[in-house]
Amino acid sequence: MKLDEALCRALKSRPRLVVLSGAGMSAESGVPIFRGAGGLWEGFRPEDLATPEAFATNPQRVWRWYQWRGQKVSEAQPHKGHQWLARLESEAHLPSFHVVTQNVDRMHQRAGNNGVIELHGNIMTARCTLHCGFTMPSADVPKEDFSCPCGKGMLRPEVVWFGEGLPEEAFSKAGQVLDEASMVWVLGTSSVVYPAAALPGMAAQRGIPVVEINPEETPLSSQVPYSFRCLASEGIEALCQQIMGKENSL
Ligand SMILES: [Zn+2]
């Protein structure tokens, strides 16, 4: 990965950095990704499981899927890229640093990042369908009885399902940190999932360095000043070493 002089300068100038991560970041840790061909579980497509209708029809099946996914996530480990981002936050002392993620696996938090903005919620937590405020670990949700202690709602995964809007607070916070950023990294996301996909393009329009790292070209690639074809972990390492000094390694 060859970084030009202007980008190296920008990286060394203590940027106000926002990192936007997507499915490719988690896939590198072996977390199952359900987009695209072959993404079936027990013969069902994610579109048939991750909806309010699917949950209303068969909550047992939907919970079995999420608890299976939660198990897979628990077995996976944060990779080098996650670890670099955690070090960047704790050691680089940038004027501001935020991770905004479309991932629902809490992998950034496990690596050590704080204040991660989760655009699509997370599968490790269960909440009440009626937003009564009750939450508990998804892994502890009983296999058959999903009634919430409030007596009115049901326990469901705290994720955004197809047909649902993004959590307002997370989305507005993401917009705010992106507005204030002086540099944005877009890691392992195909940039096709709206409205999150609009965020990096808007940052690029402000003329700040937006760096895309993705093994494949995406619709965003032509809209941003820097786009690299490589794994997220490799790209993150190269960028972090510019900020923290070449001699740094994990
Ligand atoms: Zn409740």
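Cβ atoms are placed via backbone N, Cα and C, with glycine included.
All annotation found in TrEMBL is predicted automatically rather than curated by experts.
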Binding-site annotation, TrEMBL, NAD(+): partner of GLN102, ASN103, VAL104, ASP105, GLY188, THR189, SER190, ASN214, PRO215, GLU216 in ALA86, ALA126, ALA170, ALA232: ALA232
Cβ neighbour count within 10 Å of CYS148 (Zn(2+) binding site): 20
Binding-site residues: VAL104, CYS128, CYS150, ALA232 - member with fewest neighbouring CB atoms within 10 Å: CYS150
C-alpha spacing of CYS150 (Zn(2+) binding site) relative to HIS120 (active site, proton acceptor), in angstrom: 25
Binding-site residues near ligand 1 among ARG69, CYS132, CYS148, SER190, PRO215, ALA232 (Cβ under 6 Å): CYS132, CYS148
